[in-house]
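Data block below; observations after.
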Ligand SMILES: Cc1cc2nc3c(=O)[nH]c(=O)nc-3n(C[C@H](O)[C@H](O)[C@H](O)COP(=O)(O)O)c2cc1C
């Protein structure tokens, strides 16, 4: 069982998604984990310690000043005697406490006292998530090395509210836990990596933009696979609807120019994997006001200018990473175009894939790639994108060794 022998301290805070933590406990236990629950006072308004205790088959901790639990300074023991502290759901309130080092109840005190890895699954109304204060707290927590899973986009419990704020599903949280606790060799420990992923959106006016069908699935999987081998990974992601990978620092950008600036600001690194489908062109002057359609007018002509070439810039940069990997999304002459790209862009490896509509690769879950290097071409079979990511991370580790 994937989590056999692992001890997870599960902190449940007071949001509607607390009901999902009941299923989460089951899923973690099914995989062999021991789960010790801590509930905030808020959480107990949504679900009872009785049901949490019944599902976890253990004592549920709720009180910092409990005479029974604190006989041997129990909060410090709780904070240390586990492999991972998981907060699900993480309320805006608890995240604010964590970001500011507050310790006024058992959950926040344990979070301040722990020396274990911490993974949080935020859940809140989209307006609470987007609030400037919450966004500041998120940046602080990411900077402190706290792992995030979610939140996801979708419908809220509140009628008619849609947006970013749903807690990740229990199985997605379990997957993030497994990724963090994965043993395995860490050949990339001490190495830094920068990965780009997703499309870019190039604005035409405040409401319209040029985009492409990239989902970010392949780039995000590569960031996760490099992190699983021990690399310290920064993922620069264009606008996508998938979750930030756990154990990776994710920077969100919209346009190609922002993506380049974010990548360059993270140099030097040992590894660069440029997966994003960066728009080749942007509109010369994007307008501040929406272009109005006037009866009888000709459609507007869009004048396009070339975007910066991120892969080429990194491949020829003064602080060039030791290994530079680029992706070539082609619809014809995949090998020839991939080979030409290798030299032109100054890359060590080009991962070439055929993104013709009939392949279903763009946006899909599988990929069929050819690895092009100075040594020749290696065609990999049709694989799940996560498996492509694992193989590529292993290849990068081999080349760096
Ligand atoms: C019905 C209801 C639903 C709530 N849902 C959430 C939520 O999903 N996320 C959140 O951050 N806060 C939510 N809150 C607010 C928190 O319960 C409140 O901030 C509380 O102080 C959190 O305490 P805790 O962080 O100590 O658990 C909700 C409140 C109510 C009354």
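From the backbone N, Cα and C atoms, a Cβ is placed for every residue, glycine too.
Where the annotation comes from TrEMBL, it is an automatic prediction and has not been curated.
Over in TrEMBL, the protein carries these features:
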type    : residues                                    : note
BINDING : 280, 290, 308, 309, 310, 311, 327, 341, 345 : CTP binding site
DOMAIN  : 6-179                                       : domain 'Flavoprotein'
DOMAIN  : 188-398                                     : domain 'DNA/pantothenate metabolism flavoprotein C-terminal'
REGION  : 1-192                                       : region 'Phosphopantothenoylcysteine decarboxylase'
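All features noted in TrEMBL, drawn onto the structure.
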{"residue": "280", "record": "CTP binding site", "Cβ contacts under 8 Å, 6 or more apart": "306, 307"}
{"residue": "308", "record": "CTP binding site", "Cβ contacts under 8 Å, 6 or more apart": "256, 257, 260"}
{"residue": "310", "record": "CTP binding site", "Cβ contacts under 8 Å, 6 or more apart": "196, 256, 259, 260, 263, 274, 276, 278"}
{"residue": "327", "record": "CTP binding site", "Cβ contacts under 8 Å, 6 or more apart": "218, 274, 275, 277, 350, 351, 352, 353"}
{"residue": "345", "record": "CTP binding site", "Cβ contacts under 8 Å, 6 or more apart": "309, 311, 312, 315, 324, 326"}
For the domain 'Flavoprotein' (6-179), what is the mean per-residue pLDDT, to the nearest integer?
92
Determine the C-alpha span of the CTP site listed in the record, that is the greatest distance between any two of 280, 290, 308, 309, 310, 311, 327, 341, 345, in Å to the nearest whole number.
37
Secondary structure of residue 310 (CTP binding site) (DSSP, helix/strand/coil):
helix
Mapped DSSP class for residue 345 (CTP binding site), helix or strand or coil:
helix
Per DSSP, to which secondary structure element type does residue 280 (CTP binding site) belong, with helix, strand and coil as the options?
coil
